[in-house]
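Could you have a look at this structure, given as structure tokens, before my questions?
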Amino acid sequence: MDKIIKSIAQSGSFRAYVLDSTETVALAQEKHNTLSSSTVALGRTLIANQILAANQKGDSRITVKVIGDSSFGHIISVADTKGHVKGYIQNTGVDIKKTATGEVLVGPFMGNGHFVTIIDYGTGNPYTSTTPLITGEIGEDFAYYLTESEQTPSAIGLNVLLDENDKVKVAGGFMVQVLPGASEEEVARYEKRLQEMPAISHLLASKNHVDALLEAIYGDEPYKRLSEEPLSFQCDCSRERFEAALMTLPKADLQAMIDEDKGAEIVCQFCGTKYQFNESDLEAIINDKA
């Protein structure tokens with residue numbers, strides 16, 4: 001089961017979140033049938049949103065949009081504070097690797113664009129923030145958002161490793177944030193440790209990558225685990241929700257579906273589930289509108 005572990009240094013000078021998001025990203029790949037680069041880009045966005053959602057309280061709903069002008073198009077993710085996340089990528093078929101190493105490429109195919117977050121607190125006044133894409137690698141773009149928009153300097157690591165068949169092998173990440181009151185000496189020490197950390201891809205390849213991440217972040221610094229919470233890819237779409245959407249259409253459009261297509265098929269963008277509405281279903285909706 002996927003999870004996020006929240007921890008804090010014994011000194012109270014900084015905190016860290018580490019995540020195992022393997023099942024989340026694997027299910028997203030299965031739902032959308034994504035190829036290598038698209039899988040990694042979508043996976044990193046889902047992990048970023050899992051971190052962002054874990055930072056919220058109450059019943060907030062968090063939307064992350066990575067909007068580029070190159071091959072991937074838009075990547076959209078929605079998460080809640082209960083550990084659920086869903087998402088999709090416009091172009092599922094990007095599959096580009098370095099010839100020499102086989103490394104999956106992401107940044108060069110994101111292009112210029114923006115990292116957009118929408119936090120809906122359920123009050124009717126969602127908070128929206130937009131920051132530019134810095135590298136298109138998503139992790140750096142997320143860190144820039146946290147620094148610029150939330151005024152919280154953060155170190156972020158996100159990645160998805162694929163097997164020889166380009167299926168998700170492991171996915172996860174971390175966030176480290178300095179807390180108010182940390183001394184300059186403590187900040188310098190943590191910055192040095194982060195600079196010396198192995199690459200996130202190397203840590204994820206460890207047998208127990210969650211423990212490997214924590215060990216790399218804290219070293220011999222005492223820390224305590226605050227909580228361990230489950231994470232999952234879960235879509236909240238339903239037939240009732242799409243039926244309500246059909247109710248908003250003009251009668252003429254619904255009648256055209258009956259006359260021309262003998263019904264309607266609606267596919268959820270986030271999970272690919274198909275919902276069929278036959279002629280009788282559409283006629284009932286038309287009658288309900290009357």
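In case you wondered, yes, glycine gets a Cβ from its N, Cα and C as well.
Straight out of Swiss-Prot:
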type     : residues      : note
DISULFID : Cys235-Cys237 : disulfide bond
DISULFID : Cys268-Cys271 : disulfide bond
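Context for these features, please: burial, neighbours, distances.
Counting Cβ atoms from all protein chains shown, Cys237 (disulfide bond) has 17 others lying within 10 Å of its own Cβ. Following the DSSP three-state reduction, the secondary structure of Cys237 (disulfide bond) is coil.
Spatially close to Cys271 (disulfide bond) yet at least six residues away along the chain are Lys31, Lys86, Cys235, Cys237, judged by Cβ distances under 8 angstroms.
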